[in-house]
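As given in TrEMBL:
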type	residues	note
BINDING	93, 130, 148	FAD binding site
DOMAIN	145-249	domain 'CO dehydrogenase flavoprotein C-terminal'
DOMAIN	319-425	domain 'Aldehyde oxidase/xanthine dehydrogenase a/b hammerhead'
BINDING	490, 523, 636, 805	Mo-molybdopterin binding site
BINDING	527, 604, 638, 736	substrate binding site
ACT_SITE	987	active site, proton acceptor
């Protein structure tokens, strides 16, 4: 959109190419060749003519980029302004794979502001085809630039685009022609005609800039309720992008026109025209450095524990051979189910008309609350329903289901169901819940010592799980009321036992078999919310006595299943002039949604409210807000990241209050826990490695050198700033619900010596099965190749705890150890009798001697239990520690940031598998990077989720990985509380990504200092481009103030 608008003043009408002209063909797929070949033979070429390059419509974008780059190298610079602008935008358009096949095109029209006739509508008629697009050479006295600002730099839809061109009278800096075009400021591309006209005949200087910004602020207005929101930010961007254009032109003018002038003018503008200020944050090659642990001397080559063994399913997953739930072949007479969901956040159901759906092709039946054979009540706290009954309490509340012969028929019929509502007033945001006093019980409090305090705030947004495999269930009815469920679930027993499918079906749990082969990601989202779907599918299969399948589309999954809890934190801190914190008062509010589910994540948030800092006097309180949103649930960290994030907010504010902005490092270091100190919940810390992680991280990251270089950079650049932050983490390992700290295993040794291993954990890509095979391999003394894990099922290991809380390797590993030791003890007589025999010899001898070669294993974590009333007990088995140092660079004019480097030192004890553990550190860090800097859920004021897919919800891309990423596992740090001295690694690294957030805040602090603003300031999470730009207060943001709250209805609200 932007490139076309910028060239509108100089692009000629497009025409068919002369067959006599030389043709050069670009690479296209054969399918596209046939399609276009039937229409014209010129669609695949590009050619140079006297004033332009002509690209055929089927020439790929990659090929276009190659041609333009060659032209930029070979043609005079003044002719390639347009080419360079196009190239700059091409690097951010989609991904390389898409650019390799995507094509472009246009008909004989000027691509000006009349080309777009409406939102996503153009002047091209339906019967017309694309032939070619002409990109003109630029003029010697003209300059052209294009800009794109999006939530994510790579492969993302823009927030605002701009393309600008200016032509000067020859030999002067007087504006002869000016075109300013913007996308994202209206449903169509708009030209700032009034602003451009007013600036004609003016000199390109400071006065023109001032007037241009004032005029643009007036002309580029937006309704405060405009779709897409971010109104103030979008308006500010029009000014900021023009300023970037102004600087670029000023720089080029100085080179072209003023180079022969003496002194004054060029000196006058030198402070504006640093190349760094006008460049975009470009793509750089990334490198990653891993430092693994050393295997102890003397460890046998056959002992695989502690070695970087490849994930057992890696090759199958990479080649597409790995089987997931929806890959189970279709059963005969299988049916497909589609959900009927509420479109209102809070309403009474007046009527449901399913007549049109029932008449639709392929439909077998419709299901509602009256069709549930057992109890319609469900949920972790028995506060939900299988189907809504009389009332809906969120958008996405399941009202019913349609079962049909195909997915398409079922989904079409579901849309045909008509529901009439009587709307009730919804509670959507945390602030609304506070006003309404809409809270779940209990309200948790932790207090240690005495204090009086006073409050600053931070809001931490929610997060979508965005697992690759959405929720899916296949239900197969068997005889005598049996039901076999193939589910993508972290908690098979939850679907089998805890009041879900059996209760709804009216059968005992022993009639329900749940099987989980593997998941395509879970992250906590498939711990409890899987049952929302599986119960409905089981009810349908039971009613029809036929297999029924359902796999949610991405938009359905995002709408129905909930995500990470948004948090609002209030805090007051007491501290000494030295920076030592002596008192903390913090209050948390979480947005739980329309049911309690696993919102006891608030407890873990309170247990992590001090992060890694020793504070003698603490008071913490947590309120769980009941709102009319889909129930939020477990997510990697389970409340810990939110509590930790608030802690880093107040420790940063302490340094800012003391004027120690450059010494925040010392403030954090001063307050770190030491060995033997006590937490606010009175647990004594043992095996503290925070100081070791801290010192090693600073050394490996070369912090002092980077800090000095960043300070120098910031002094030399006004509109780009760099920031650094070092952040520690202390993450407690154990389920906070004590009864879940147990696990079982079942090990079979077959007559040929092969071993079938089953345990209570599920595989979701994290490598749990691989680690369990390694444990069994060490204990039994046989190669990994002799051991196989097939699946997790409720008929092999009963009453399993969810694969969650980072404790699965600890719990299931100990259970596997227990089972294998039992088997070893049984085999010991035969090993003694035949010491030179093989494993197979001993197994066969035991079998012939009628020895049981199957064994159950069990483990329960000892000495756990905590009482909130007395603030006593032992909450966690141990703690995982880590430290990260990150450096970023921000563009103060747009809010874009680039992650320059991150160094992580993680204490994982004696790693069971360093390769997998490093992968977990990297993956957790990147997921945290999304949480704290990028991913944002938008809800309307009436509770409608507006971000329902990758088009509007952005997870990190390759370009968001730090340019230099170093991960080190702390050596010589054994942990006597877990299997083979290892430590948990799934959740603890995620919070280390907050080092990027606080590095951004450090850079923003430097930008604010340029405008004379010092001291603490609020920056909510995620640190999106909008929030970064708004926090960098300057003359441009002051020209575009936000509308007063209450004077308009916003497009989205912060929940």
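Along the chain as shown, residues are numbered 1 onward.
Just so it is clear, glycine is given a Cβ too, placed from its N, Cα and C backbone atoms.
Because TrEMBL annotations are produced automatically, they should be read as predictions rather than curated entries.
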Among 527, 987 [recorded positions], residue with fewest other Cβ within 10 Å: 527
Distance check against residue 805 (Mo-molybdopterin binding site) for the recorded positions 93, 130, 148, 638, 736, 987, keeping those with Cα within 10 Å: 638, 736, 987
The domain 'Aldehyde oxidase/xanthine dehydrogenase a/b hammerhead' (319-425) - residue tally per DSSP class, helix then strand then coil: 21 helix, 38 strand, 48 coil
Residue 604 (substrate binding site) and residue 636 (Mo-molybdopterin binding site), Cα-Cα, nearest whole angstrom: 12
Of 93, 523, 638 (the binding-site residues), the residue whose Cβ has the fewest other Cβ atoms within 10 Å: 93
Stretch-averaged pLDDT - the domain 'CO dehydrogenase flavoprotein C-terminal' (145-249): 94
Rounded inter-Cα distance in Å - residue 638 (substrate binding site), residue 987 (active site, proton acceptor): 9
Chain-internal residues, separated by at least six, CB under 8 A from residue 490 (Mo-molybdopterin binding site): 519, 522, 524, 526, 527, 530, 762, 764, 802, 803, 804
Substrate site span - longest C-alpha distance across 527, 604, 638, 736, in Å: 17
Per-residue Cβ crowding (10 Å cut-off), top of binding-site residues 130, 805: 805
Cα separation, residue 987 (active site, proton acceptor) to residue 604 (substrate binding site) (Å, whole number): 12
Residues close to substrate site centre defined by 527, 604, 638, 736, Cβ within 8 Å: 524, 598, 600, 601, 603, 634, 639, 640, 735, 737, 804, 805
Nearest of the binding-site residues (93, 148, 736) to the residue listed as 'active site, proton acceptor' - Cα to Cα: 736
Residues within 8 Å of the 490, 523, 636, 805 Cβ centre (excluding the Mo-molybdopterin site residues themselves): 522, 524, 525, 527, 634, 635, 638, 802, 803, 804, 806, 986, 987
